[in-house]
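What follows is a set of notes on a single structure, which appears directly below.
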Amino acid sequence: MFAAARNAFSIASRTAVNHARVSPSTRSYNSGDIIWIPAASCVAAFQTAEKSTLVLVRHGESTWNLENKFTGWVDVPLSPKGEKEVVEAGQLIKESGIVPDVAFTSLQKRAIMTLNAVLAETDLMWIPVNKAWQLNERHYGGLQGLDKQETVDKYGKDQVLIWRRSYDIPPPVVDKSSPHHPSNDPRYAKFDFPEEWTESLKTTLERVTPYFNENIAPQLKEGKTVLIAAHGNSLRALVKHLDNIGEDVIAELNIPTGTPLVYELDDDLKPIPQEGALSPLTGRYLGDQDAIRARIEGVKNQTK
Amino acid sequence: MKTSAAILLASLASVSAFAPIVARTRQVAPSPTELDAHTLVLVRHGESTWNDLNIFTGWADADLNDKGKGEALAGGKLLKEGGYTFDVAYTSVLKRAIKTLWIILEEMDLMYIPIVNTWRLNERHYGGLQGLNKQETVDKHGKDQVLVWRRSYDIPPPECDESSEHYPGNDPRYANVDKADLPKTESLKLTEDRFMPVWENEIAPAIKSGKKVLIAAHGNTLRALVKHLDNISSETIAELNIPTGVPLVYELDDDLNVIPNENGIAPLRGAYLGDQEDIRARIGAVMAQTK
């Protein structure tokens, strides 16, 4: 009977903490955690904010990166090179002594596999993982599945550059007759996407930032170390938000794959500039700094 | 619902009548998409590095060995071929179960579903025996005593010490668990007692709400679950062997009562997927681990 009362107590406090973290508006199943938190510490969590650490990892090379195709929401796996990259990312995090408490990722396997590799390397396979479409790569509309060079040959370098690197001009839409429309993928079944769908970096940010504020920020304010394994554009959205980066600058910013990017945040979630940070970011990359600089230059060369 | 299930079974039977005589008996439970019932699939994790070494594992976080990874992959393939899909998965905080789940989800192309990790699905805690070699323990304490600790329903092994690495209070993954709930040893009964709250409060409601659930867990927590589902007695459950990596499929009605499957191997009313002869043989093999 005592055990039952204790269980009821724990359930009540756990439920309260979960409601604080996940907004109903995200309409996703609360996959988070079954953490039985005594009620006293639950109250404390609401009252005081703490400093925290946020680790961002862009997924490793995918099979379509290799094939130089516009990927977006297409669910391609990591390439063999990508699989190696993410093991190294995990090793770097382990060596750094950073220990994530909770992880977030997208609904796409290249990010999930990246996260799994990091969790395996750091021996943290048991931490709660939250998966959300809001952390997906930017949707590439009617360009998804097309070869990048062929698209340049067809539309011209300038037009493709606009679609790829403009802040707010999206590629052409897809409608519900296209296999690339999310209504045709069961993983998005419980969400309502408009008849026509495509995304720019701007609209990507408009779905990343609220998700961050509603689900990730509260965990950081509790002092948790958060790991996010995501994509080029969803991470651009995040760092733009964290570091207040301008629209024209963010569109050109390259975040190298499989390279952990570490932010230390104060209790207001303002980044504390890290030594060795590469402007305009205030976070620092883990690993060989020269090699990282070279790679940042390399991503620019994918369409000429 | 019954008629369509009967037609399906009859057509499966007629197909196998034309199969070559050399083929082994292979029956796969009917695809759940034809039935209105709630589907629940259980999978026991594959062989771990400590199974190989014949060490009492319990809450120690041994990894899958290559054979175990292969078993998980085979389980995933059976589920994929059977047309199964899931909305949510539950597993323990031990990597041999988590990895089993990851491999299955990858094979089924379902890596995007939410996963819930709970210590309440952990293997039974083996107390002071954790880390000890099974044969050495028999040599030391005698076959009968070890058999009692392994197969009794409610007699737990000796406790581990609070200073021991095996005491969960010394492991950060249990930092948020009430100290009073952390075991120093467990019997099957105690395992059942701490498992049932997550079944009642989390998993059963998820199933009732229409979610298709996959549970990747351990021998003793799955025993606790099937004991409850199939009303198995304490004496029988302690002897029941659930083969590793083989998906065990239950169909439940709206009240979560089991709809018995024709291919169920008593006392279970759920059915294993895969080669039925092979499975029966494997159920026998687990018993041979301590002589």
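The backbone N, Cα and C atoms fix where each Cβ goes, and this holds for glycine too.
What TrEMBL records for A:58-65, A:71-72, A:R110, A:137-140, A:K148, A:164-165, A:232-233 is substrate binding site. Taken from TrEMBL, the feature active site, tele-phosphohistidine intermediate applies to A:H59. Summarising the annotation, TrEMBL assigns active site, proton donor/acceptor to A:E137. The site 'Transition state stabilizer' annotation in TrEMBL covers A:H231.
In this structure the C-alpha atoms belonging to A:G232 (substrate binding site) and the residue listed as 'active site, proton donor/acceptor' are separated by 7 Å. For the recorded site, A:H231 (site 'Transition state stabilizer'), the DSSP three-state label reads coil. Counting in whole angstrom, A:R58 (substrate binding site) lies 5 from A:H231 (site 'Transition state stabilizer') by their C-alpha atoms.
Rounded to a whole number, the distance between the Cα atoms of A:E137 (active site, proton donor/acceptor) and A:K148 (substrate binding site) is 17 Å. Using Cα positions, the member of the recorded positions A:H59, A:E137, A:H231 nearest to A:G72 (substrate binding site) is identified as A:E137. When each of the recorded positions A:H59, A:H231 is scored by how many other Cβ atoms sit within 10 Å of its Cβ, A:H231 comes out lowest. In the structure shown, across all protein chains, A:G72 is the one of the binding-site residues A:G72, A:G232 with the greatest number of other Cβ atoms within 10 Å. In this structure, A:K148 is the one among the binding-site residues A:R58, A:R138, A:K148 with the smallest number of other Cβ atoms inside 10 Å of its Cβ.
Cα of A:H59 (active site, tele-phosphohistidine intermediate) to Cα of A:H231 (site 'Transition state stabilizer'): a span of 6 Å. Of all the recorded positions listed here (A:E61, A:E137), the one with the fewest other CB atoms within 10 A of its own CB is A:E61. A 10 Å cutoff on Cβ-Cβ distances gives A:W64 (substrate binding site) a total of 20 other Cβ atoms nearby, all chains included. Look at A:E61 (substrate binding site): DSSP puts it in coil. Proximity to A:H231 (site 'Transition state stabilizer'), judged by a C-alpha distance within 10 Å, picks out A:E137, A:R138 from the recorded positions A:E61, A:W64, A:E137, A:R138. For the pair A:E61 (substrate binding site) and A:E137 (active site, proton donor/acceptor), the Cα-Cα distance reads 14 Å.
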